[in-house]
Amino acid sequence: MPYKVETFIKNIAINVGEGPHWDPETQTLLYVDPKAGNLHRYNTLTKIDEMRHYDDNTSLIVPRKSGGYVITDGLNISHLDWESGVRTVLASVDQGTRNVFNDGKCDASGRLWAGTMGYMEKPVFPEMEVASLYTLEKDLKVNRHLDKISLSNGLAWTHNNTKMFYVDSMPREIWSFDFDLETGNMTNKQVLVKCPKDTIKTLGYPDGMTSDVDDKIWCAFFEGSCVIRYDPETGQEISRINFPTSQITSCCWGGKNFDELYVTSGHVNITDDQAGSVFRVTDLGTKGRPADVFLG
């Protein structure tokens, strides 16, 4: 695959760049640096990166159709008014635990999916099987869909919304489910990709994920220096994008034609020249679809 990788925003993450979301209305790239408590909004027209800092773990940011953004901060799902910086809590989960929210995104019906992760004293060793996967419905009701999760991560769907894909990073697996968009129900869990035990030092851990217009899924690998494109029917690797830093965390489609893949990375205890950068990949021979926003 004759792809091109370029450093789009160099060394921007203090800890771990995560959760990229392309906003086509403003041509901005939203992303987060959770442990640093930073939310970023990079305007590709002005080349200005705005940031909001909070003292909580800020692990996702998605536009809200009614205005502003929906974010996670600690164990809260909140509304954020960017201009004032004011946060308003919409829902809270996992009270009484040391969990925090991690990755999340919206499905085509406008509900927000967000998962938690166990307390992590050092990468990559969270408390095991104490977290969950939740939805925040458009009426602001919270539903729990999966439990005994360790490190909730990437989410993706097929274009017809009959299949959903999900990553729990610690078993190093990508799961597939039959999916009902109207109800949000997930059934018929299958292990689509199981990383071999002997690849942990070379491939690391599956992390954030997206899908393309051909319904193939793209998964970032933390400590694996790559994003891998998989066939969602067989689980077989189709192609691989290599990066000049190891902690590749997530990816999303953007650009005017959604044919640019934006890829975030971490900066945890590594000193290479590109750590914590956001990358842009072009010439991939496919493209993505606009990311969904929260309709609640």
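A Cβ is built for glycine as well, from the same backbone N, Cα and C atoms used for every other residue.
Remember, predicted model here, so these are calculated numbers, not experimental data.
Under the heading domain 'SMP-30/Gluconolactonase/LRE-like region', TrEMBL lists 16-266. Look at TrEMBL and you will find GLU18, ASN153, ASP207 tagged as divalent metal cation binding site. Feature annotation from TrEMBL assigns substrate binding site to ASN102. The active site, proton donor/acceptor annotation in TrEMBL covers ASP207.
Shown here: features listed in TrEMBL, placed on the structure.
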residue	record	CB count, 10 Å
GLU18	divalent metal cation binding site	27
ASN102	substrate binding site	29
ASN153	divalent metal cation binding site	29
ASP207	divalent metal cation binding site	29
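A Cα-Cα distance of 11 Å separates ASP207 (divalent metal cation binding site) from ASN102 (substrate binding site). Across the structure, ASN153 (divalent metal cation binding site) and the residue listed as 'substrate binding site' place their CA atoms 7 angstrom apart. Taking the Cα atom of each, GLU18 (divalent metal cation binding site) and ASN102 (substrate binding site) are about 9 angstrom apart. Other residues of the chain with a Cβ within 8 Å of the Cβ centroid of GLU18, ASN153, ASP207, the divalent metal cation site, are GLY19, ASN102, ASP103, GLY154, VAL167, SER169, GLY208, ALA220, PHE222, THR249, SER250.
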